[in-house]
Each structure stands twice: as C-alpha cells, then as structure tokens.
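Notes for the one structure printed next.
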Amino acid sequence: MLLPFPATMISEVEQPKEKRSLSSEPPSLMSLPYEIIENILARISKWSYPNLSLVSKSFLSLLSSPQLYKTRSEIGTTEPCLYFCLESANHSSPQWYTLWMKPDETLTGTGTIHDYSLIPLPSSSPVLRTSTVAVGSEIYVIGGHFNRSSSVRIFDCRSNTWRDGPNMTVARSDPVAVLIDQRIYVLGGREMDESDDWFEVFDIKTQTWRALPSFRAGLELRRYIVWPNRYFPRLGDSQTAVRLINVNPNALEGKLYVAAQINDYTYEPKDDTWKVVSKSSIRRVKVWCVIENVMYACHDVFLRWYDYEDRRWREIQGLEELCYHPTRGFSGAERIVNYGGKLVVMWRPVQSDGKDKIEIWCAQIALEKRSKDEIWGKIEWINSVLTVPKLCDLCYSCVVVSI
C-alpha cells in the first residue's frame with residue numbers, strides 16, 4: 001500500500017525547482033562568443049546601426065570596430081551609402097553629410113517616404129567634386145581648389161576620421177580624378193605651359209604616385225583646361241576662347257572617357273594609349289556617370305542614356321513626374337551617381353516656397369532596358385533631405401561608398 005508523501009517532504013522536493021525558476025535568466029546575446037556576435041551584426045543592414053548602438057556601450061564598441069566592417073566585406077554584406085558636401089557662400093570648408101536610405105522601400109501614390117538618415121560629418125579643406133573619388137570604404141580628396149596643392153586627404157567612412165595621404169608628384173588646382181582597377185588617374189590642374197605634368201596615376205596598393213607621359217594624349221587634349229562643367233576663358237586670348245574638356249567620373253569598360261571640344265577620347269590603362277572614339281563630341285552633358293557600361297547624364301533638362309551605336313542621347317522613359325512636378329520638378333540634376341546599380345539624382349526644385357531657403361531633393365531610380373533603344377526608370381525612393389540657404393552651392397562633391 002502506497003502512503004502519501006508528507007507535506008514537508010513535498011515542499012522539500014519542490015522548493016529547489018522554485019528557486020531555480022526564479023534565479024534563471026534568458027540567455028543574452030552578449031553571452032555568445034565575440035566572433036559569433038560580430039558575424040550576426042555584420043549581416044544586419046547598417047541602416048539599423050544607429051539604433052543598435054544605443055542598446056549598450058558594448059554594442060556601440062562592436063559597431064565601431066574596424067573588424068566588423070572587414071567582416072562585412074568578407075561575407076559580402078556591404079551596402080552603398082551616399083556622401084556629399086555643400087559649399088557655403090563665404091567659401092569656408094564645405095559641410096560633409098552621409099545619407100542612408102532605408103532599404104527595400106518604394107514610392108507609393110503621390111506621397112514621399114521619410115525613412116532616411118542624414119548625418120553631418122567632420123569636414124576637411126575645400127574640395128571640388130571632380131577631385132573626389134571613392135575607394136572602397138574611403139574617400140580621396142585630391143589637390144587644391146582655389147590654390148594649387150599636391151596634398152591628398154583621405155576620409156575613412158568606417159571611423160569618420162580624416163588623414164593625410166601621399167602627395168602627388170606636382171601641385172594641382174581642381175584636377176579630375178577617376179578610379180580604374182584600384183588606381184586613381186588624375187588629369188589637369190596645371191597651366192598651359194606645364195602640359196608635360198598633365199597626367200599622373202596613384203597605385204592604391206603600393207600607395208605611390210607615378211607621372212604618365214602626357215604627350216601621348218596629343219595637343220587636342222592637353223591644350224584644353226580641365227575644368228568640368230564650367231566655361232573658363234584662357235588668359236591672354238583676345239576672343240576669350242573656351243578651352244574645356246569633360247571627363248567621365250566613372251570608368252567605361254575599364255577605360256577613361258574624355259569629351260573634348262571636337263572629339264571624344266578613351267584612355268586604355270593597359271597599354272597607355274589614347275584613341276579617338278568619336279568625331280562628334282558629347283562634351284555638353286552637365287553631369288554623368290556609368291552603370292553597367294552605359295553612360296547616363298542630365299542633358300537638356302532630362303535624364304538620358306547614351307546609345308553608342310546611334311551616337312545619340314536618348315531620354316530615360318517613365319520619369320515624367322520627376323521632371324515636370326509643380327513643386328519638386330527640376331531644371332537639371334546637380335549630381336547623378338551609380339548607387340549599387342541604380343541611379344541616384346540630387347537637385348534643387350525649379351520653384352522654391354521660401355525666399356532665402358531652398359530644399360535639396362534626392363531620388364533613387366531603378367533602371368530597366370526594355371528594348372535595344374529604350375530604357376525605363378522607376379522611382380523607388382524620393383524625398384527632400386535638407387534645407388539650405390539659396391547661396392549654398394549644391395553637391396560640391398558627391399560619391400557613393402561601399403561600407
């Protein structure tokens with residue numbers, strides 16, 4: 001015959017369970033090995049990092065670690081991020097910003113999406129947009145603006161810090177910098193009688209500069225002043241003749257693309273040769289970039305792409321609202337860039353409600369080639385991101401960094 005347990009015995013048996021349940025806590029993420037935590041955070045969109053950094057000091061330290069960004073690069077989770085700076089009316093150091101657009105968002109109806117993060121950054125010396133180039137997670141600012149300089153400033157987008165890079169072989173003012181195969185090619189920024197110093201290259205791996213033979217470019221190019229998007233009269237010219245070339249800020253099929261007064265040229269880095277590719281220049285484009293070996297530009301108020309076979313600019317279809325909107329329509333893009341295979345456009349609207357202030361707008365556009373001579377654009381994200389004085393120059397520099 002089984003006898004019931006005494007109450008005291010039952011309490012003695014159950015008591016440890018109660019104590020155990022009261023003292024047990026859910027496992028913490030920080031209890032995991034450091035490598036596992038780092039791998040988890042590296043797979044999360046950087047859009048979430050500002051909020052995650054508020055969780056604890058340990059999270060803040062992890063999210064600021066250079067090793068985390070190295071892991072993101074190794075496992076292929078880096079994301080594009082837009083960096084731009086604005087010049088004030090008094091020509092003081094421009095203010096740098098980073099713009100993060102929330103991923104996987106689309107424009108619906110007639111409204112706009114407000115999911116973005118605009119963060120002011122430490123500034124450096126004044127720069128011209130064409131002398132700024134993105135290399136991985138870093139931004140190189142090359143040469144001087146108003147005065148010549150051989151200096152190179154490098155901004156590390158992971159730590160938000162500036163440092164000095166190796167100086168160029170000669171001092172330059174407002175040169176053009178283009179990245180091709182982990183080398184930065186720099187053109188111009190010299191006087192006409194110094195055309196032998198017109199061209200040099202920086203090897204990112206060895207961190208060294210090397211002058212390139214300028215004579216191979218020919219007088220057609222070297223007689224022009226590299227002054228993109230501006231008309232600059234030559235001193236001493238009685239008729240103030242315009243000497244201008246326009247250099248595409250992106251490589252085209254691994255080559256440098258230059259539009260001069262009469263002809264268009266390409267430079268092949270592999271054998272150091274220049275070649276005339278067109279007798280009819282496309283120099284008049286205002287701003288341009290390259291996406292999947294197709295040139296895109298703001299030309300005659302519209303966003304266009306270049307048809308190489310027909311040698312003509314064609315309008316990107318489907319962007320009528322962007323061009324003709326009554327309040328945010330634009331008379332021309334201030335800057336366009338390749339944003340991870342999509343087109344990002346920055347502009348000031350044609351009309352502005354404020355007397356002394358203007359809004360800076362930004363749009364992300366997906367591109368689709370539907371036929372041999374037709375490319376369509378779809379606005380995936382659009383918003384006013386900043387309000388500035390009217391005297392402020394928009395997009396003094398604009399680059400996309402992978403981070």
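Just so you know, the numbers here start at 1 and follow the chain as drawn.
Yeah, the Cβs are placed from backbone N, Cα and C, and that goes for glycine too.
The structure displayed is predicted, hence computed values, not measured ones.
Swiss-Prot lists 26-72 with the feature domain 'F-box'.
The repeat 'Kelch 1' annotation in Swiss-Prot covers 138-182. Taking DSSP states H, G and I as helix and E and B as strand, the repeat 'Kelch 1' (138-182) has 0 helix, 24 strand, 21 coil.
If you look up Swiss-Prot, you'll see 184-229 marked as repeat 'Kelch 2'.
The average pLDDT computed for the repeat 'Kelch 3' (248-294) is 82. Summarising the annotation, Swiss-Prot assigns repeat 'Kelch 3' to 248-294.
Feature annotation from Swiss-Prot assigns repeat 'Kelch 4' to 296-340.
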Q) Quick one: DSSP breakdown of the repeat 'Kelch 3' (248-294) into helix, strand and coil? A) 0 helix, 23 strand, 24 coil
